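Participant: According to Swiss-Prot, the protein has these features:
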type	residues	note
DOMAIN	129-263	domain 'Fatty acid hydroxylase'
CARBOHYD	N5	N-linked glycosylation site
CARBOHYD	N163	N-linked glycosylation site
CARBOHYD	N189	N-linked glycosylation site
MOTIF	142-146	motif 'Histidine box-1'
MOTIF	157-161	motif 'Histidine box-2'
MOTIF	238-244	motif 'Histidine box-3'
TRANSMEM	38-58	transmembrane segment
TRANSMEM	84-104	transmembrane segment
TRANSMEM	121-141	transmembrane segment
Amino acid sequence: MSCHNCSDPQVLCSSGQLFLQPLWDHLRSWEALLQSPFFPVIFSITTYVGFCLPFVVLDILCSWVPALRRYKIHPDFSPSAQQLLPCLGQTLYQHVMFVFPVTLLHWARSPALLPHEAPELLLLLHHILFCLLLFDMEFFVWHLLHHKVPWLYRTFHKVHHQNSSSFALATQYMSVWELFSLGFFDMMNVTLLGCHPLTTLTFHVVNIWLSVEDHSGYNFPWSTHRLVPFGWYGGVVHHDLHHSHFNCNFAPYFTHWDKILGTLRTASVPAR
């Protein structure tokens, strides 16, 4: 159909789809890898470790470049090798021993099918936002329950709070139950919304980045909570208060659920 015969919304949608089509065509050239049962684990580990590494490097550089400490929420804290290595080891162990068998079973039952067409850009952005909002609500409820019910906290969530001052590689330092719960929320949301595979990949990248940033311990001028207006997004300062006080800020990203239930706690952090 000629563009002269298209309505404005159709033209806009087509433009959005054309914008992402080259990227999707490139990814589809790796179709064998994307459809492999190994891909979810490889993708998850490499994305997570890749996002953590810059913060690990910054923590090391803080010893030689004291000016970097002005961006740290806890300027006198830097994780030691004895703290970093168990976190990394547990992430690798859990993905190999627990996540991979589940993805293998899912692959055997329903292999991934890759459509030829890319998603429309606006639809991709809408789906990512909705997935984040759904995940934020689901984890808020899960998190609140695992703090309010002592048995749930001791059995499943306490391990995540072993490090009172958080750092990037501590993001996934958690029990297998917590890891699977978060993974289940991720996959349920993209399935409920019928997300395109490219949208699903993008959402996972965004979700991993936001969770690592929340635990990084660094409050930069470009941190997400500084970019989102009106205090809608909590960010690293918001989550650090949770690790410090335990009884507040249960939502991972946004602040509305904590505001509604009266569990929001804020801190005045000077601009850097």
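Note: Cβ is positioned from N, Cα and C throughout, glycine not excepted.
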Participant: Which bits of the chain, at least 6 residues beyond where the transmembrane segment (38-58) starts or stops, bring a Cβ under 8 A of a Cβ in it?
Facilitator: 68, 84, 88, 91-92, 95-96, 99-100, 103, 167-169, 171-172, 201, 204-205, 208-209, 212-213, 216-218
Participant: What does the structure give for the C-alpha distance between N189 (N-linked glycosylation site) and N163 (N-linked glycosylation site)? Integer Å is fine.
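Facilitator: The Cα atom of N189 (N-linked glycosylation site) is 30 Å away from the Cα atom of N163 (N-linked glycosylation site).
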Participant: Would you kindly list the residues that approach the motif 'Histidine box-3' (238-244) from elsewhere in its chain, counting only those six or more residues past its ends and only Cβ-Cβ distances under 8 Å?
Facilitator: 73-74, 161, 163-166, 214-215, 217, 225, 250, 252, 255, 265-267
Participant: Considering the glycosylation sites N163, N189, which residue's Cβ sits among the greatest number of other Cβ atoms within 10 Å?
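Facilitator: Per the Cβ count, the most surrounded site is N189.
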Participant: Could you give the number of helix, strand and coil residues in the motif 'Histidine box-1' (142-146) as assigned by DSSP?
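Facilitator: Reading the DSSP string over the motif 'Histidine box-1' (142-146) gives 5 helix, 0 strand, 0 coil.
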Participant: Which numbers of helix, strand and coil residues does DSSP report for the motif 'Histidine box-3' (238-244)?
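Facilitator: DSSP composition of the motif 'Histidine box-3' (238-244): 7 helix, 0 strand, 0 coil.
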Participant: On the DSSP side of things, how many residues of the motif 'Histidine box-2' (157-161) fall into helix, strand and coil, could you say?
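Facilitator: Per-class counts: 5 helix, 0 strand, 0 coil.
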